[in-house]
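Visitor: This structure is in C-alpha cells; I'll ask about it shortly.
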Amino acid sequence: MLFISAAAGLWHFKRAQKSNTQDYLLGGRSLGLFPVSASLVASFISGVTILGTPAEIYNFGTQYWITIISIFFSGIVVATVYLPVFTTLQLNSVYEYLEIRFDRSVRILISFIFVFDAVLYQSIVIYVPALALNQVSGINIYLIGSIVCLICVFYTVLGGIRAVVWTDALQVGVMIAGAVTVAVLGTYQLGGMSKILSKAIDAGRIQFLNFDPSPYTRHTVWTVLIGSWIYCTAYISVNQTMVQRYKSLESTRKSQLSIAIFTISVMMFISICCWCGLVLLAWWSPPKCDPRVSGLITADDQLLPAYVMEIAGHLHGIPGLFISGVFGAALSSLSVGFNSTSVVILEDFIMGCFKMKLSDRSCTIFVKILVVFFGLLAFSFLFLIEKLGGVLSVTNSLAAIAAGTSFGVFTLGILFPWANSKGAFIGAIAGFAVAGWVSFGANAAIGSGLIVPKKLPVPSCSGDINHDFVNQFERSNEDNVFPLYRLSYHWVAPIGTLVVLVIGGLVTWITGARNPSSIDKKLLSPVIHRWLPRPKYQNEVNELCVSVPTDPQISTNNLLSAVIRQKTHIFPQKEETNKSS
C-alpha cells in the first residue's frame, strides 16, 4: 500500500510537470465522478472509523449504529442547501466565501479554526495505523508513524490533488476489501449471523431505541441522531477537505451525484464496522474472556487488530489485507488533510490576509513546502495522542469544536441574509470558546479519571480478575465534575453551532441587520431564494417596463441603466461618497 501510493505520486508528477496551480490544487476541475466520490469517502473515513467503531459497539452497544440515519439526511441537506452555493462560486478555498459574504476578519478566524482542527486530527490519523501494526508486529509506534507520514507527504507533494484523489480511490477499495473480509470470515467462523446476534442479545448489546432524555448518556436516539447529523453535515458541507473535492468536478449536477454516492458508501461502510463490533463480542464470549482482562491488549483500539490475528494469523494475506486497509484509510485522510490545509494557508492567509502577490509557480512551490511542514507538525503531536482515551470519541469531540463553529458561521451566511459581519465574528468566537471548553474539559476529566465511561459488562477470566479493568464498568461518583464536562461527546458540535447562531443573531439585531436585497443571491442557498426580496433596482425596472409596454426599442439593460442614472441624479452626494471610499 505504501509503495503503490508513492508510485502514484511519481506518476502524476511526471504527467503534470507543466501544470499550473489550478491543476495542482483542483485538478483543473475536470476530475472524474468515480475517483472524486471515492476520495470523498476516503476523506470522511479514516483508521479511526475502522478501529474505533467496532470498539464502540463492543463496549457500548449498537445504539451508535443509527448514526447512518444521520448521515443519510446530512447528504440530502448538503446536496440541496450548501453545495450549490460553493459550486456556483468556484473558489479555491471555501473560506473565501466568508470574506465575500461578511468580511476578512470572519474569513481569517474560521480559517484558523480549520487549521487548528486539522493539525490535531492528522496526529490522531497517524497514531491509528501505527497502533494497529504495533499490535500485529511489535514495531515501535513512532517508527511506524514516521514512515506513514513520510510516504504521505511524498506523494502529496509530487502529485497534488490528482495523486491524492486517485490514491484515495485505490485506498478506499483496499479499506472496503479488508473490512468485508474480516466481517465475513468472522461471521462464518462463529456459525452465522443468528449466533452472533444471539450472543449480542445475551450480552445486552442490542440497543436501538434508547430514548433516555438525559444529555449525559453516551448514546441515545437523541444524542446520536442530532449530534451526528450536525457533525456530519458540518464536515461534508463546509470543510475544505470535502468542498475542495466536489468542486473539482465540472458541474453542480455531478457534485450532487458524488455526494449521493458518498452518502450511500459511508452508510454501508459504517454498518460493516458496526457488525465487526458484534463479531468481536461473539468471539470473546464465554468460555473465552475479554482480551483486556486477559492482558492480550492494553487499549480498546487494539481490539480489532488482536481479533484479526487470532482468527486469521495463520491465513496468509488476511492480516496483511486488514493492515493495508487501516493504512489506506490513514494515508487517504492524511493526504487530503495536508493538501487542504496548505490550500487554506495559501489562499486565506498568504494571499487573503497579507495580500501577497505570488506567481503561479511560487504558489505551487509554497503549497508543497506547507505540505512538508504540516507533515512534521502532525508527527510531532503524536506523543500527545497516545495519552488520550478511545480514538473515536476523542476524534469526534475534538473535531466537533471546529465543525460546529464553522457550520454555524456558514449557516448564518447562507440561510440568514440579514446576518452581518459583527454577528458572524462574535458568534464564531463564542461558539469556538464554548465548544472548546466543553470538549477539552471533558477529555481532561476522562484522562484524569474523574469521568469513567460507562461500558457494558464483558466476560471476565475465571480466577484472574484485573481489578482496574473491573472498575471501568462500575458507576463512579461524578457529582463533583462540572455538568457540561459530563455531556455525551455527540453534543459538542450542536453546542458550537447553537451558540454561533444565537450569539450571532443577537449581535446582528443589536448592531443592525443587513438588508437582504443588498446581498447577491449567489451567496445564499437556492432553498431560500423564493422568499428573498427583489434586488435593489428590480422594482423600478419592472415599473418602467409596465409604463412602456409597447416600445420594443427599450431593452431591459437600457431600463436598468436608466434607473441607475436616475438614482445618481437623485442622490449625487451619496454616489460621490461611495466613489471616494
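Using N, Cα and C of the backbone, Cβ positions are placed for all residues, glycine too.
TrEMBL feature annotations, pasted as is:
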type	residues	note
TRANSMEM	31-52	transmembrane segment
TRANSMEM	64-85	transmembrane segment
TRANSMEM	106-127	transmembrane segment
TRANSMEM	139-158	transmembrane segment
TRANSMEM	170-190	transmembrane segment
TRANSMEM	219-238	transmembrane segment
TRANSMEM	259-284	transmembrane segment
TRANSMEM	321-345	transmembrane segment
TRANSMEM	365-385	transmembrane segment
TRANSMEM	397-418	transmembrane segment
TRANSMEM	425-446	transmembrane segment
TRANSMEM	491-512	transmembrane segment
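Let's see these features in context: how buried, what's close, how far.
Guide: Outside the transmembrane segment (31-52), and at least 6 residues removed from its termini, the chain residues within Cβ reach (under 8 Å) are 124-125, 128-129, 131-132, 161-162, 164-166, 168-169, 171-173, 175, 178-179, 235-236, 241-242, 245-246, 248-249, 254, 257-259, 261-262, 265-266, 269-270, 273, 301, 303-305, 325-330, 332-333, 336, 390-393, 395.
Listed as Cβ neighbours of the transmembrane segment (64-85) (distance under 8 Å, sequence separation of 6 or more from its ends, same chain) are residues 53, 56-57, 97, 208, 219, 221, 224-226, 228-229, 232-233, 236-238, 246, 252, 255-256, 259-260, 262-263, 266-267, 270-271, 274, 410, 414-415, 522-527.
If one looks beyond the transmembrane segment (106-127) by at least 6 residues along the same chain, the residues whose Cβ comes under 8 Å of a Cβ in the stretch are 46-48, 93, 95-96, 98-99, 141, 145, 148-149, 239-241, 330, 333-334, 337-338, 340-341, 344-345, 348-349, 352-353, 374, 377-379, 381-382, 384-386, 391, 394-395, 398-399, 401-403, 405-406, 409, 421, 424-425, 428-429, 432.
Distant neighbours of the transmembrane segment (259-284): 33, 37, 40-41, 44-45, 49-50, 53-58, 62, 64-65, 67-68, 71-72, 74-76, 78-79, 83, 172, 175-176, 179-180, 182-183, 186-187, 190, 195-197, 199-200, 203, 205, 236, 246, 290-291, 303-304, 307, 310-311, 458-459; these residues of the same chain sit at least 6 beyond its ends, with a Cβ under 8 Å from one of its Cβ atoms.
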Visitor: Please figure out which one of 170-190, 219-238, 365-385, 397-418, 491-512 racks up the most CB pairs under 8 Å against the transmembrane segment (425-446).
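Guide: Answer, by Cβ pair count: 491-512.
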Visitor: Within this structure, do the transmembrane segment (321-345) and the transmembrane segment (365-385) have 3 or more Cβ pairs under 8 angstroms, counting pairs 6 or more apart in sequence?
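Guide: Yes, the transmembrane segment (365-385) contacts the transmembrane segment (321-345).
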Visitor: Sequence-remote contacts (6 or more beyond its ends) of the transmembrane segment (491-512), Cβ cut-off under 8 Å?
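Guide: For the transmembrane segment (491-512), the sequence-distant neighbours (Cβ-Cβ under 8 Å, at least 6 residues beyond its ends) are 215, 223, 226-227, 230-231, 234, 396-397, 400-401, 403-405, 407-409, 411-412, 416, 418-420, 422-424, 426-428, 430-432, 434-435, 438-439.
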Visitor: Look over the recorded stretches 170-190, 219-238, 321-345 and say which has the most C-beta pairs under 8 A to the transmembrane segment (397-418).
Guide: 219-238
Visitor: I need to check the long-range neighbours of the transmembrane segment (170-190): which residues 6 or more away from its ends have a CB within less than 8 Å of a CB in the stretch?
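Guide: Same-chain contacts beyond the flanks: 1, 4-5, 8, 38-39, 41-42, 45, 50, 196, 265, 269, 272-273, 275-276, 279, 282-283, 304, 307-308, 311-312, 318, 321-326, 328-329, 331-332.
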